[in-house]
Structure formats: structure tokens, C-alpha cells
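A quick write-up on the structure given underneath.
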Amino acid sequence: MALASTEKVVLGCVAFTIFWVLAVFPSVPFMPVGRTAGSLLGAMLMVLFRVMTPEQAYAAIDLPILGLLFGTMVVSIFLERADMFGYLGSALAWRSRGSKDLLLRVCLVSAVASALFTNDTCCVVLTEFILKLARQNNLPPQPFLLALASSANIGSSATPIGNPQNLVIAVQSGITFGQFLIGVFPAMIVGIVANTCILLCYFWKYLSVPPVAEKDQERGVASAASAGPEVVADDEVASHRFTPARMSHASSFNGGLDGVDEPMRRSDSMNSRAAVDTMSMRSRSYNSEGDIQVAIRSMRASTMSQEMVEVSTVSDRRDDAGVGVVGPRKITRTTSHQRSVIIEDAPEGGVNDDGEKAKDGDGPREKRWKVLVWKTAVYLTTLGMLVALLMGLNMSWSAITAALVLLALDFTDAQACLEKVSYSLLIFFCGMFITVDGFNRTGIPNALWELVEPYSRINSAKGTALLAIVILVLSNVASNVPTVLLLGSRVAASAAAISPASEKKAWLILAFVSTVAGNLTLLGSAANLIVCEQARRAQFFGYNLTFWSHLRFGVPSTIIVTAIGLVIVVSY
């Protein structure tokens with residue numbers, strides 16, 4: 001494709017540059033409008049500058065990719081409501097054997113979760129959970145935040161639904177879900193192992209230092225006991241409550257049942273904090289039912305104390321004016337090292353979470369069965385979607401079908417659930433499709449590729465290495481999704497001239513390298529920015545993951561993981 005007219009080339013470059021600046025730096029001082037508005041601005045300028053016609057702009061929007069994105073987002077919302085991410089968080093904290101064991105779990109859980117639920121969703125849900133878990137054990141947060149972001153990026157490379165650029169590649173290339181998984185999954189596994197080893201070597205010194213000496217703990221317990229119940233302020237205790245990070249949408253099915261019949265044993269390293277929290281809780285007086293509810297929830301959620309929560313329902317029969325009234329009571333018994341405290345919950349059959357009277361016969365047992373049946377339906381529907389993808393059915397319609405089935409099984413107005421869909425991301429993709437297609441029509445990407453293409457063919461080791469370097473650099477300069485849109489068809493056409501098998505291999509190389517390239521810098525992946533922002537804004541547990549601290553780890557990790565994974569993908 002030859003270069004367009006000088007006017008189109010200049011105006012097209014101006015529109016694309018504006019899009020790129022606002023996409024990479026969404027809060028620039030002169031126009032802090034964000035990525036979504038930036039992509040729409042770039043698309044509008046492409047049409048206003050007559051780089052492309054309105055009809056060409058509409059045709060540039062890839063509806064199958066948007067449908068696949070929408071379907072996977074709805075499925076992820078229902079999985080979060082069904083406590084899937086809560087279970088993943090529990091797997092991190094369950095019987096942890098120290099800082100290194102916790103780091104290994106973070107790498108494994110984030111890799112698996114990102115492959116199935118997209119890396120951005122994984123980082124949104126798990127960042128605050130991991131941050132609080134590190135603070136709880138007096139561990140430096142940086143290794144665990146880097147482990148989450150880097151492992152989520154690497155893990156998402158294994159499936160077409162792991163990240164947006166893989167969605168684009170799967171739709172444009174026609175590679176089935178199973179072929180994609182077989183081609184990239186081995187490289188992902190080796191990459192996760194290599195990345196974990198780099199994390200352990202890089203932070204071995206920090207992870208080997210015991211968080212708090214036992215003598216210091218004993219001194220803390222003794223000083224707290226001598227100081228009396230006022231030694232710790234209420235707000236300080238509240239600031240150390242441990243609640244797993246959840247997305248803003250809460251399930252109506254989980255109201256009042258979280259933590260029921262699930263004893264939680266805390267870490268032995270927090271004995272001193274347990275004593276302080278226990279004495280502070282003793283010093284508080286509960287004068288209203290609301291205070292009692294808050295106390296119960298905080299005891300169930302807090303992992304800063306070493307206690308086990310047991311919930312049981314007993315029948316309370318009282319005679320009021322000669323009439324026997326049956327009212328089940330929920331008794332919460334907390335057992336700690338100091339003493340046992342029994343707190344009586346509100347009547348079970350009185351008022352539910354929505355402030356309405358509970359229906360007759362809708363007791364705790366029946367509620368639990370409804371929750372269990374609904375969760376099972378969500379998990380089976382998600383499993384059916386994955387099976388359909390593995391069978392090679394249309395990925396976009398498989399995801400949309402699964403989303404519609406879940407919306408129907410909810411038996412409620414779908415508006416509340418659909419409001420949680422990230423429509424700003426869908427709009428961003430629409431604007432990006434138009435802007436990138438307009439930039440392609442200027443002829444500049446094709447002219448630049450013609451200079452590099454003879455030296456970057458994948459039938460030689462040097463060519464494969466050069467192609468990987470181009471993808472790495474461009475993914476961190478222009479972001480990975482625009483890189484895939486710019487290079488995808490060109491890389492595939494170059495490889496197709498070698499053999500049909502090479503074309504599929506080229507798509508897989510583009511998928512793996514463009515995804516792992518996100519670990520190079522903090523700006524290389526949206527997942528990195530999500531972890532950084534979530535950690536910085538976390539209440540009471542905030543941590544600032546800087547650009548340079550990420551770069552010091554990201555450069556060696558990206559180079560090593562890319563080199564090892566590239567060898568495996570090429571040998572496919």
C-alpha cells in the first residue's frame with residue numbers, strides 16, 4: 001500500500017498522535033479527558049480530517065470482538081457474585097507457610113485467574129486482598145504486587161479470553177480456542193515458573209527476614225495488657241480489619257451468609273495484634289442492634305486476631321402474655337486465647353438485608369439451598385462456555401449466550417447487573433478501531449513494515465528475535481492492543497508466504513510477546529496500572545508502586561520470560 005496524499009498523512013498522524021498521548025497518558029494537564037474520550041476524539045478527527053469516510057469508520061468497528069468482550073465481562077460479574085474470586089482469595093491465605101509460600105501462591109492464583117477471567121478483572125479483585133494480606137503479616141507489599149501484575153499478564157497469554165489483544169488475534173486469525181491454548185499454554189507455564197524464580201531471587205533478602213521477632217510480640221502483648229483497654233483507639237482497630245477485595249457489585253444471594261459455618265484460623269505470627277484487638281473489642285459497648293451487627297461482621301472479617309468463629313442457630317421460645325412465640329436466634333461464639341465472647345445476633349426471621357420482612361418458610365436452611373443452587377448454575381454455565389470455546393464454536397456468540405443464560409437464571413431485573421459492565425472499555429475499543437484503521441490508511445505503518453519485514457521473518461532465529469523486539473518496543477510505545485491491530489495482518493501475511501503453519505505460528509508469537517511485553521514498564525499494560533492505582537488508593541493499606549521500582553524488575557523479567565517462551569512457541 002502506497003503512501004496517501006501529504007495532507008492525509010499529516011492529518012492522520014496528528015489524529016493518531018492525539019489518540020496515543022491520551023491513551024498512554026490519560027491525565028495530561030492540557031486535556032485530562034481520559035482514554036475513552038481520547039479514543040473517540042482520535043476517531044472523530046480521522047473523519048473530520050477526511051482520512052476516512054463515515055462509512056469506513058463504521059466498518060472499522062469489529063463487532064465480534066466487542067461481543068466477546070461484553071460476554072466475558074458479564075460472565076465475570078456473575079462469577080464474582082458467586083464468590084469465585086473470594087474462593088481464590090481464600091486459597092492465598094489458607095495455611096500459608098511463610099512469605100515465600102505466599103509469593104508462590106500469588107503467582108499461581110493470579111496466572112490461573114487471569115487466563116479464565118481476564119487479567120484486568122483478576123487485578124481489580126485481588127490487588128487490595130493481597131495488599132492487606134502482606135500488611136497483615138508485616139511483609140513488604142512490593143514483591144506481592146509485582147507478582148500479581150506480572151503473573152496476571154503472563155497467565156492471560158494462554159487463552160483468547162485472557163486479555164483484549166488475544167481476543168483481537170483469535171477473531172482476526174480464526175484460530176480456535178483449543179489451538180490457541182495448546183500453542184501458548186506450555187510457554188505460559190514455563191514463563192510463570194521463570195518469573196516466580198526471578199521474583200524470589202530479586203526479593204529473597206526481604207522475604208527471608210522474619211516480620212516481627214517473637215520477643216517483640218511478647219513485649220507488645222505485655223505492654224498492651226498493662227496499658228488497659230484504651231491502649232488502641234477504635235479507629236486504629238478498624239483500620240486493620242481484613243476484608244477481601246470485592247468488586248462493587250454485591251450479590252443479593254450472599255446477604256448475611258458470608259462466613260457461615262466456615263471457621264477461620266489466623267496466622268500465629270499475629271498473636272500480639274490478636275491480644276490488642278481482643279482488649280479493644282472488650283472495651284467497646286454495644287448500645288444498639290446496629291452496633292451489634294457491626295461488631296459481628298468485623299469479628300467475622302478480621303484476620304488480625306487469632307480466633308475461630310462458630311455460628312449456630314438455636315430456638316428461643318418465649319411466652320409473651322401467655323402466647324408462645326418461636327424466634328430463632330443466631331449465636332456467634334468467638335474463641336480467642338484470652339476469653340470466649342458470645343454475642344447474640346438479630347432474629348433470623350425478622351428483617352432481611354433489604355429491610356423487608358422475610359417470607360414464612362424462607363429460613364436459613366432454605367436460603368443456603370437457594371444460594372448453593374444458584375452458584376452451581378453459574379459455575380456450570382461458565383464451564384459450558386469454556387467447553388463450547390474448546391469445541392471450536394464461535395467465541396463471540398458462545399460468550400454472549402453464556403451471559404444471557406446467566407441473566408435469565410438470575411430471575412431479577414438485569415439492569416443492576418448490566419450497569420456493572422465496563423461500557424467505557426467497549427467505547428474505547430470502538431474509537432481505537434476507527435483511529436488505528438485511519439492511521440493504516442495513511443500508508444505509514446505499511447511503509448515502515450516494508451523496511452523491517454525482510455529481516456523479521458520467522459523462518460530464522462534472527463528474524464524471530466527481531467520480530468519479538470519490534471513487538472516489545474511497539475507494545476510499550478503504542479500499547480499492546482494497537483500494536484496487534486497495526487502488525488497483525490502484516491505479520492500473518494509475511495508468515496503465510498513461508499507456509500500455512502507459519503502463519504498460525506506468527507499469530508501465536510504476536511499473542512505471547514505482546515502480552516508479556518506488558519511487564520516491561522508500568523505503562524505497558526492496563527493490568528499494571530490497575531494494580532498501581534488500586535494499591536495507591538487502598539484505604540489504610542495504601543502503597544505507591546513507582547515506575548522505577550517496576551522497571552528494575554520488569555526489564556530482566558520480560559527479557560528472560562520472552563526469550564524462553566519464544567523458543568517454546570516457535571517449536572510448536
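Here the Cβ of each residue, glycine as well, is placed from N, Cα and C on the backbone.
All TrEMBL annotations are machine predictions without curation.
Database features (TrEMBL):
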TRANSMEM  9-27  transmembrane segment
DOMAIN    27-517  domain 'Citrate transporter-like'
TRANSMEM  63-82  transmembrane segment
TRANSMEM  181-204  transmembrane segment
REGION    345-364  region 'Disordered'
COMPBIAS  354-364  compositional bias 'Basic and acidic residues'
TRANSMEM  377-409  transmembrane segment
TRANSMEM  421-439  transmembrane segment
TRANSMEM  465-487  transmembrane segment
TRANSMEM  507-531  transmembrane segment
TRANSMEM  551-570  transmembrane segment
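For the transmembrane segment (465-487), the neighbouring stretch richest in Cβ pairs under 8 Å, chosen from 9-27, 63-82, 181-204, 421-439, 551-570, is 421-439. At the 8 Å Cβ cutoff, the transmembrane segment (421-439) and the transmembrane segment (551-570) share fewer than 3 close pairs (sequence separation 6 or more) and do not count as touching. Of the Cβ pairs linking the transmembrane segment (181-204) with the transmembrane segment (9-27) and spaced 6 or more residues apart, fewer than 3 are under 8 Å, so the two regions do not touch. Within the same chain, residues 63-65, 67-68, 70-72, 74-75, 78-79, 81-82, 84, 116, 160-161, 167, 170-171, 176-178, 181, 417-418 sit at least 6 positions outside the transmembrane segment (377-409) and bring their C-beta atoms closer than 8 Å to a C-beta of that stretch. Panel annotation: around the transmembrane segment (551-570), residues 146, 150, 154, 183-184, 186-188, 190-191, 194-195, 198-199, 202, 458, 464-465, 468, 472, 505, 508-509, 512-513, 516-517, 519-522, 524 of the same chain, lying at least six beyond its termini, place a Cβ under 8 Å from a Cβ of the stretch. This prediction places the mean pLDDT of the domain 'Citrate transporter-like' (27-517) at 73.
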